[in-house]
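> Once you've had a glance at the structure underneath, I'll fire off some questions.
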Amino acid sequence: MKENVASRAVFILLLFLNASLLNGQSPPGKPKIIKCRSPGKETFTCWWEPGSDGGLPTNYTLTYHKEGETLIHECPDYKTGGPNTCYFSKKHTSIWKIYVITVNAINQMGVSSSDPLYVDVTYIVEPEPPANLTLELKHPEDRKPYLWIKWFPPTLTDVKSGWFMIQYEIRLKPETAADWEIHFAAKQTQLKIFSLYPGQKYLVQVRCKPDHGYWSEWSPESSIQIPNDFPVNDTTVWIFVAVLSAVICLIMVWAVALKGYSMMTCILPPVPGPKIKGFDIHLLEKGKSEELLRALESQDFPPTSDCEDLLMEFIEVDDSEDQQLMPRPSKEHMEQGVKPMHMDPDSDSGRGSCDSPSLFSEKCDEPQAHPFKFYTPEDPEKLENPETNLTCLQAPQSTSREDKIPYFHANGPKSSTWPFPQPPSLHNPRYSYHNIADVCELALGMAGTTATLLDQTDQHALKPSKTIETGGEGKAAKQRESEGCSSKPDQDTGWPLPQDKTPLISAKPLEYVEIHKVSQDGVLALFPKQNEKVGAPETSKEYSKVSRVTDSNILVLVPDTQVQNLTLLEEPAKEAPPALP
């Protein structure tokens, strides 16, 4: 019995179900939330799309709860936003809160719910379109005409309080065109449009968007008619200029790519580094010092010297028995077997300083108008007063420096010569004096050999008027001497060979080895010393008086009687004597 009752109940239920299906009734379909939008972060509205009702009346409800809460709330206002909407007023709107929103559909056949939607009011802001869009053509005098577009912010958006910032976007097009021309206006509420086509009617719209949110809907269209006389910028010229500039740039890039280094060198030449004139770096790298020095010497640099003034520290005058005041024997005397003896000067005597070509250059440049000539007196007793033994005759004024020949007294005090530089431009040859030994050799001749030869030579065979010939000018000098010495015809006018009364050479050699003293007047005193003493000691004489400097640059010293009377114990001068006058 029990099994029959159960089967009957199931059968009845199936009959009822089949009857409802045959009538088209079913549970409601699943609804869908479209979006939620807030016009100004103070209120917001949500829209949904309902599903099928199942042939039965269906009731839709919106429920929500805030994140972190368990209490579920129903929509506070279903009417303000319109059908299938829910409006949240300021009382029910909270910022920085996330809402979990769900839409439920209920009928007699069942219940269905939509997928939940998570909403943050800050990021669902979609303002209303801007209001009061205005279009106006402007014709300024100093500028080109333009279309001036002006609008106002949305009415429901609190822009003045700074609650949020709104950006604007404008689009316009000719009425017959299909595409819109969009201009971004940022935060400003006006915009100027140039380059409009004349005779066209333009349509303009504007919209806005907050800093966080969505673009608003476009505002209603506004239109304006552009007159036919509206000036338009001719862009053809600018297009031509742009194309030409692009071609020039391409050519320059191509040239730089091919010849970049040469062009850069031409435009920006390299700055030369510091370089010493005549200094070759390649020669220095090769290590060829000879070529480097030769390159440096070839430059036109003036020679430099550490010493501006050449000073003479030592003066040494030799008066030796082997050297007498007579000219160097010529080739004719050499054929007779007479050879001159050369006396090597002491390398430590400081005599090399006398060879300076710049020494006494001023003296050499001054013309000697009255050359002196010295003669040998016949009376040997006149040796006591050497100053009286010197006879000076003036040569004619027309006589040049080359014609002036010095003559020396044979029995007078032994003299020394001073070497002067001879100018190389002289045509007539002269002897070149480079040291005291050569002067003495030229002046005195040969020492011992000459004395022996003179003893064997007939004294009367030599002429008293024979003089020393220099540079082939002996005859002219003889004639001038004979004319100038007319005041003293009794004395010999030349250099005679040794006579009986006056021996030519001293028996004992004299050698000047030191400077005796220098007087307060700057007079140089030389002290003669004998190497050997035979018999009674001879009285030494001091040759301290400079008689003169001859044209041949020979310094002549004679005894000074006043200097001889001074004491020999006077301390010699420590400094070099001043230049001789």
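Using the three backbone atoms N, Cα and C, a Cβ is placed for every residue, glycine included.
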> Of the residues ASN18, ASN59, which is given the N-linked glycosylation site tag by Swiss-Prot?
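Swiss-Prot annotates N-linked glycosylation site at ASN59; the rest carry no such entry.
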> May I ask you to name which of ASN233, ASN565 Swiss-Prot has annotated as N-linked glycosylation site?
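Checking Swiss-Prot against ASN233, ASN565, the N-linked glycosylation site entry points to ASN233.
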> Swiss-Prot tags one of 69-77, 87-95, 267-275 as motif 'Box 1 motif' - which one?
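It is 267-275 that Swiss-Prot describes as motif 'Box 1 motif'.
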> Minimum Cβ neighbour count within 10 Å among the disulfide-bonded residues CYS36, CYS86: which residue?
CYS36
> Of the disulfide-bonded residues CYS36, CYS46, CYS75, CYS86, which sits closest to ASP211 (Zn(2+) binding site) by Cα distance?
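Closest by Cα distance to ASP211 (Zn(2+) binding site) among the disulfide-bonded residues CYS36, CYS46, CYS75, CYS86: CYS36.
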> What's the CA to CA span in angstrom from CYS86 (disulfide bond) over to HIS212 (Zn(2+) binding site)?
22
> Within 10 angstroms of the C-beta of ASP211 (Zn(2+) binding site), what count of other C-beta atoms is obtained when all protein chains are considered?
9
> Given a 10 Å Cβ-Cβ cut-off, pick out the one of the disulfide-bonded residues CYS46, CYS75 that has the most other Cβ atoms nearby.
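When each Cβ's neighbours within 10 Å are tallied, CYS46 leads.
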> Around the Cβ of HIS212 (Zn(2+) binding site), how many other Cβ atoms lie within 10 Å? Please give the count over every shown protein chain.
13
> Measuring Cα to Cα, how many Å separate CYS36 (disulfide bond) from HIS212 (Zn(2+) binding site)?
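The separation of the Cα atoms works out to 14 Å.
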